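What Swiss-Prot records for this protein:
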- 21: active site, proton acceptor (ACT_SITE)
- 24: active site, nucleophile (ACT_SITE)
- 74: active site, proton donor (ACT_SITE)
- 7-93: domain 'ASCH' (DOMAIN)
């Protein structure tokens, strides 16, 4: 079943709205989106809507395969990105990279 909305931590809101963050890394349960799909975006903490995004692509990627390019698309350094992923998805190796644009 396709996701009908997506949430982000509030700390990422400005990066998303400014276009600095153009991907999100998710686990398998949050990977059910397709290119072209439009999703409302809300904050994880309070479920407050702040924009809509259009999905560009969804690709599997392993934690060990993450590069500086992925980190740049997340508007972070690679060590910061790995730390955030470990905090959100402890012990998870298989991730899904969802590319998007803000509408």
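Backbone N, Cα and C atoms are what each Cβ position is placed from, and that goes for glycine too.
Counting only same-chain residues six or more apart in sequence, the Cβ atoms lying under 8 angstroms from the Cβ of residue 24 (active site, nucleophile) belong to 6, 8, 74, 97, 98, 100. Residue counts for the domain 'ASCH' (7-93) under DSSP, split into helix (H, G, I), strand (E, B) and coil, are 32 helix, 26 strand, 29 coil. Mean model confidence of the domain 'ASCH' (7-93) amounts to 97 (pLDDT, 0 to 100 scale). Shown are the active-site residues 21, 74; of these, the residue with the fewest other Cβ atoms within 10 Å is 21.
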